[in-house]
Amino acid sequence: MWFPPKMQDAIEERYGSKQGMLKHFWFGVLYRCGAYRRNRLSAINYRPKRLVFVCAGNICRSPLAEAVAAQLGMEVCSFGLDTRGNDKADARALAFAESYGIDCSEHRTTPIAEFVAEEGDLLVAMEPYHLKLLRQSGVQVPTVLLGLTDNDFACPYIHDPFNTRLSFFKKTEQLVVDRTKALVAYVKK
């Protein structure tokens, strides 16, 4: 689908890509129609012992969320649904984390096959498609969507910033930081 350059620029700035824009609106509509209710933080009826952050590659969103939650005193881990394992976090994610005084330099990707669930885990996914992949993999752990931790600005879809411009990458990482802080505050109360 072709867009005029200014419109394409605006889409990439706000949504990361055309696909990101479509998914943002599609999953937003589904959410407003009642989908993902059980994946809201308010649907969890226990205090998690460990937060397990999940994204596609385990190099941009989940390592930052893991580090933020750890810095706030939570027991944490993360894994990727489509990663080979043992890779470092994305250089932009490392730089963003460092600007917050968070060190992610020791992070290495973990594939889902190496994840071992523990009693009291809460999986925190970044987008609805991850819910489907987790179900298909047989993981039987309660799961919430990180974007649904804030009732005022709830959005079930946090776009993968891996192949996006730096300004969108930073915007996404800021959203991950803010939603992770809200998540930790909620589970600690």
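A Cβ is built for glycine as well, from the same backbone N, Cα and C atoms used for every other residue.
In the three-state DSSP assignment, the secondary structure recorded for Cys55 (active site, nucleophile) is strand. According to TrEMBL, the feature active site, nucleophile maps to Cys55.
Residues near Arg61 (active site) in space but far in sequence (CB under 8 A, at least 6 apart, same chain), listed by position: Phe53, Cys55, Met126, Leu146, Ile158, Asp160, Pro161, Thr172, Glu173, Val176. Per TrEMBL, the feature active site maps to Arg61.
Residues or ranges marked as active site, proton donor in TrEMBL: Asp160. Other Cβ atoms within 10 Å of the Cβ of Asp160 (active site, proton donor), summed over all protein chains shown, number 22. In the three-state DSSP scheme, Asp160 (active site, proton donor) falls into the coil class.
Here TrEMBL flags 49-186 as domain 'Phosphotyrosine protein phosphatase I'. Over the domain 'Phosphotyrosine protein phosphatase I' (49-186) the predicted model carries a mean pLDDT of 97.
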DSSP helix/strand/coil residue counts for the domain 'Phosphotyrosine protein phosphatase I' (49-186): 57 helix, 21 strand, 60 coil
